[in-house]
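There's a structure below that I have some questions on.
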Amino acid sequence: MISLKSVSHQYPGGLRIAFKDWQINNGDQWLLLGESGSGKTTLLHILTGILKPSAGDVQINETSIYNLSAKELDQFRGRNVGIIFQRPHLIKSLNISDNLVLAQSLAGLPTNLNRVNEVLTSLGIADKKKSYPNELSQGQLQRVSIARAVINKPALLIADEPTSSLDDKNATAVLELLLQQSGINQATLVVATHDKRVKDAFTNTYALS
Amino acid sequence: MSPLKISWKSLWSKPLSAALNMMLIAFGTGILTILLLASNQISEKLENNSKDIDLVVGAKGSPLQLILSSIYYIDFPTGNIPLKEAMELARSPFVKRAVPLALGDNYNGLRIVGTDTNFITLYKLKAAQGKFWEKDFETTIGAAVAKTQNLKVGDKFYGAHGLTDNADVHKNHEYVVSGILEPQGNVADNLILTNVASVWKMHDEHEDHDHEAEKHNHEDHEGHDHKAPTEVQANEESRELTSLLIQYRSPMSVAMFPRLVNETTNMQAASPAQESTRLFSLIGIGVDTLQWFAVLIMLIAAISVFVNLYNSLKERNYDLAIMRTLGASRTKLFMIVIAEGIMLTLAGTVIGVLLGHLILEFIGSNQESGQAQLTGFVLLYDEIYLFVAGLAIGIFAAIIPAIHAYRSNISKILAKN
């Protein structure tokens, strides 16, 4: 279970945003809606433990994440939160398989090549294992970034504008994969977007005003 | 996956700039390695050759020249000294051992040295084949001479007048190889040893050779020698040596003997230790210049590694931020960047040290003169400092980029895109 309680954030410029309390049950699939500049990215960063809010408490599975030390928080994030960015951002110097192994080892988990194969197969890109990021298409790269997000079976899967740079066909495909992967890995899914094409797939919506 | 592997892979994603940085470091380290090995070997050889010689007595002139010609056999002698006066000095109570040297001839650029058995004791020579010279015109040759000139025991050769060229060959007498020395690791390897009388006789002949008119008188020279002791006696008066190598009897001689020679005779005394130090300090200026040059290259290399890491960090900001979201701690990012710097410079150092050794070996094997043959196949303890320097440069160049990586605000970096 993930919960946000009386969280607010003050920007260095002086602008202050208060966020409504939010409770997400395990396995839920949520849509985080908001126009650009509404604090969507800020909320996502707070939720993933990248940005400490000025006030309030964030809990993921009964752990109050901002009470952890910096190092503990980094490791907690690596193990419990999977993040998919608008653009894939894989490590260019590593091949696809190594990019996933890197995610395992940075989270402090042992290398598990079976798991790497399993995830890549379920996303239909097992044949690209030895390729380097610059040899793959944008759609394939987005799949790899989903694979990297779910490799450690995180409790929370967060996607930030995962479809906005893709065409309709790829956007639908990626959305389906996200829903499917969160199901397979029993991860709670939060998709932040202003993309209208995505809306219909979700029943739960958290809207920023 | 260890941070080391991440650093390694990241370096190889830009092979050209990695190679450039490694080359710069390798160039600097290579020069330093060569300097280190060469100056070490040269000073070792200088010491090795003059180890047991306390003083050299020769004709007035440059003391350095006297040392160079009589101990290292490089320069020309300063002139000759009268045998009579030299022998008086040799009998002085200050002197434990005096070794006469008569130079003047060569065989294919290798010096023929007229001396006596004291030379054998002084340099602790051993014959590997045959025996030491006994009769006139018998020679014992150094190991390197035998090798380069292809001479065996029993072989005969003609000496030539002068110290370097073959223009003026003494055809009247031929030398016989009676023995070959064991390799000594000093100048004796490149010398042809014979007795003093052989050198004298060679030159008697030589002077006669110049006066064509008198030539026929000496056709039966051998006979003359035996029958006319007075002539030998007379010759004895005018006989000359090139120099005298002296071993002191006691430390007290150091203070007294050189002054005695310089003030009471027409000869000069030169101390190998002093002159070697002077010589080395002259070479040292060149070595110092090259050293600063190498240090400058290393500095440029350090800046280049720094710029390379700093620029690649700008491009990799996002990569590093992603690694943070995947669970990497700040310290880990710091280590990854530092490791990249160290890998670059250490790899460069290893290549440089190897190259330095190979190049010096190459130089050594192509050396004309065997006097101070250099070799690259030695390891010095001091080389460890080169690795320490490589490590330090790596850390120095990487520390600022690494601190940047450590301090980066990932939320800001991720929000930008």
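Note: Cβ is positioned from N, Cα and C throughout, glycine not excepted.
Curation plays no part in TrEMBL annotations; they are all automatic predictions.
Sharing the record's features from TrEMBL:
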type	residues	note
DOMAIN	B:19-199	domain 'MacB-like periplasmic core'
TRANSMEM	B:20-38	transmembrane segment
REGION	B:205-235	region 'Disordered'
COMPBIAS	B:205-229	compositional bias 'Basic and acidic residues'
TRANSMEM	B:290-313	transmembrane segment
DOMAIN	B:293-410	domain 'ABC3 transporter permease C-terminal'
TRANSMEM	B:333-360	transmembrane segment
TRANSMEM	B:384-406	transmembrane segment
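Any idea what these are sitting next to in the structure?
The average pLDDT for the domain 'MacB-like periplasmic core' (B:19-199) in the predicted structure is 88.
Within the domain 'ABC3 transporter permease C-terminal' (B:293-410), the DSSP-based counts of helix, strand and coil residues read 95 helix, 0 strand, 23 coil.
Long-range neighbours of the transmembrane segment (B:333-360) within the same chain, counting only residues 6 or more positions beyond its ends whose Cβ lies under 8 Å from a Cβ of the stretch, are 3-4, 6-8, 10-11, 18, 21-34, 36-38, 301-302, 305, 308-309, 313, 320, 323-324, 374-377, 383, 386-387, 389-391, 393-395, 397-399, 401-403, 405-406, 408.
If you look at the transmembrane segment (B:384-406), the same-chain residues 6 or more away from its ends with a CB under 8 A from one of its CBs are 25, 29, 32-33, 36, 298, 301-303, 305-306, 309-310, 313, 320, 330-331, 333-338, 340-346, 348-349, 352-353.
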